[in-house]
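Novice: Quick one: this structure, given as structure tokens, is what I'll be asking you about.
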Amino acid sequence: MDSFEDKLQQLREAFNAGRTRSAEFRAAQLQGLSHFLRDNKQQLQEALAQDLHKSAFESEVSEIAISQAEVDLALRNLRSWMKDEKVSKNLATQLDSAFIRKEPFGLVLIIVPWNYPLNLTLVPLVGAIAAGNCVVLKPSEISKATEKILAEVLPRYLDQSCFAVVLGGPQETGQLLEHRFDYIFFTGNTYVGKIVMAAAAKHLTPITLELGGKNPCYVDDNCDPQTVANRVAWFRYFNAGQTCVAPDYVLCSQEMQERLVPALQNAITRFYGDNPQTSPNLGRIINQKHFERLQGLLGCGRVAIGGQSDEGERYIAPTVLVDVQETEPVMQEEIFGPILPLVTVTNLDEAIEFINRREKPLALYAFSKRSQVIKQVLARTSSGGFCGNDGFMHMTLSSLPFGGVGTSGMGRYHGKFSFDTFSNQRACLLRSPGMEKINDLRYPPYTSRNLRVLLVAMEKRCCSCTLL
């Protein structure tokens with residue numbers, strides 16, 4: 001028996017009845033999300049600490065505050081986002097009404113990963129709600145403590161005839177994907193992304209895929225090594241490196257590597273102390289499977305910093321690898337952990353060639369005191385996002401779209417981009433039932449004169465007297 005059938009039917013009936021369409025309903029659900037975040041802040045922080053050993057600081061910055069900001073932005077702008085968008089007209093339609101209507105798709109499925117289990121649930125959910133959809137949330141079964149709150153507490157703040165949280169692992173997710181949805185939003189790795197896309201293709205369901213990849217970080221010789229080290233170490237080891245936009249490797253000259261390694265050691269010691277394992281600010285690996293995978297990568301190249309691990313705590317020290325070969329496993333897969341390989345190149349051209357012969361990344365970073373170098377990297381490469389002289393701060397701007405390209409994903413969200421993602425852009429033209437004399441120009445029998453007049457009328461963007 002299909003355990004999802006009844007619930008999905010209930011949600012679809014609610015959507016078809018128009019329950020989610022009004023601005024008032026959407027605003028009420030968004031306010032519910034806001035109350036959920038404020039009422040359960042401590043409980044959420046405790047769950048994130050239990051799942052990932054996240055500090056209260058990292059939980060606030062990367063999970064709670066970002067989610068709250070998205071809710072607040074949607075509430076402030078909901079009515080303006082929902083308004084019909086007027087468009088330009090040609091001469092033939094000057095007296096008509098032409099506009100784009102942003103209508104909800106219908107029943108949306110959001111599949112969430114474990115690394116930012118609150119952020120990556122609520123941020124797309126805000127967009128889906130604001131756009132007027134009914135939603136099925138599938139949180140990750142791996143981040144168990146956060147999953148429990150999302151399943152047991154979040155529904156109390158939403159209209160349960162329009163929103164549902166479903167639980168389970170890969171088998172249940174596979175069963176869920178057999179059903180027809182009107183939109184699917186998936187965040188996770190490329191392998192599973194292909195499975196989700198294949199399932200969506202059976203029903204021709206539109207989809208957003210937020211995937212990952214190996215994000216490059218180029219460091220120019222003219223940089224201050226300590227400034228670069230501070231910034232790179234922070235966003236590499238944030239959440240124990242389990243971040244889809246974290247730098248996966250650094251490209252720099254041999255000279256810069258020799259300056260960067262001690263600077264990275266200084267930054268790591270400053271951030272996490274002489275024994276990072278005792279630091280309350282360093283996360284842990286999510287589970288045993290990923291811990292063992294990361295341990296295997298520690299054998300690549302040569303360990304310049306860190307390399308220690310503790311299986312009992314699923315702890316891996318902030319690690320820097322040097323003398324890494326491009327063919328080694330650490331350079332063939334997304335690391336998704338607190339390991340940073342340094343790869344030496346002779347110049348900027350070689351670095352760009354190295355980047356371009358790999359799959360397009362979700363994010364790309366470049367450090368230089370020369371703006372021309374930053375502009376060259378930006379102009380000669382492709383990635384989902386780009387940040388010069390820092391890391392993943394572009395993620396904090398709701399005015400910038402977030403998403404991948406190629407194997408790092410498709411589709412965009414954050415801020416109004418989330419609303420647009422979950423909205424069908426419906427092209428609308430409302431014409432007069434009268435004035436049939438003018439329309440006679442387009443009817444048979446066709447003449448060359450009528451063709452000339454009609455072509456002018458269809459091309460002109462404003463009124464014109466030159467009709468003949």
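Note that the numbers count up from 1, one per residue, in the order the chain is shown.
Using the three backbone atoms N, Cα and C, a Cβ is placed for every residue, glycine included.
The active site feature in Swiss-Prot is assigned to E210, C244. Here Swiss-Prot flags G188, N189, T190, Y191, V192, G193 as NAD(+) binding site. According to Swiss-Prot, the S-palmitoyl cysteine annotation covers C462, C463. As annotated by Swiss-Prot, S-geranylgeranyl cysteine applies to C465, with the evidence given as similarity to another entry. Positions annotated as N-acetylmethionine by Swiss-Prot, on the basis of similarity to another entry: M1. Residues or ranges marked as cysteine methyl ester by Swiss-Prot: C465.
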Novice: What are the other residues, in sequence order, whose C-beta lies within 8 angstroms of the center of the C-beta atoms of G188, N189, T190, Y191, V192, G193 at the NAD(+) site?
Specialist: K194, I195, V196, L211, G212
Novice: Quick check for the class: what is the C-alpha distance, in angstrom and rounded, between C244 (active site) and N189 (NAD(+) binding site)?
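Specialist: That comes out at 9 Å between the alpha carbons.
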Novice: Quick one: pull the CA-CA distance for N189 (NAD(+) binding site) versus E210 (active site), whole Å only.
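Specialist: Per the Cα atoms, N189 (NAD(+) binding site) and E210 (active site) stand 8 Å apart.
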Novice: Using Cβ-Cβ distances, find the residues under 8 Å from V192 (NAD(+) binding site) that belong to the same chain and are at least 6 apart in sequence, listing them in sequence order.
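Specialist: Spatial neighbours, sequence-distant, of V192 (NAD(+) binding site): F186.
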Novice: Excluding near sequence neighbours, so keeping only residues 6 or more apart in the same chain, what lies with its CB under 8 A of G188 (NAD(+) binding site)?
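Specialist: Within the chain, G188 (NAD(+) binding site) has Cβ neighbours under 8 Å at I111, P113, V196, E210, L211.
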Novice: Go through N189, T190, Y191, G193, the listed binding-site residues, and name the one with the sparsest Cβ surroundings, counting other Cβ atoms within 10 Å.
Specialist: Y191
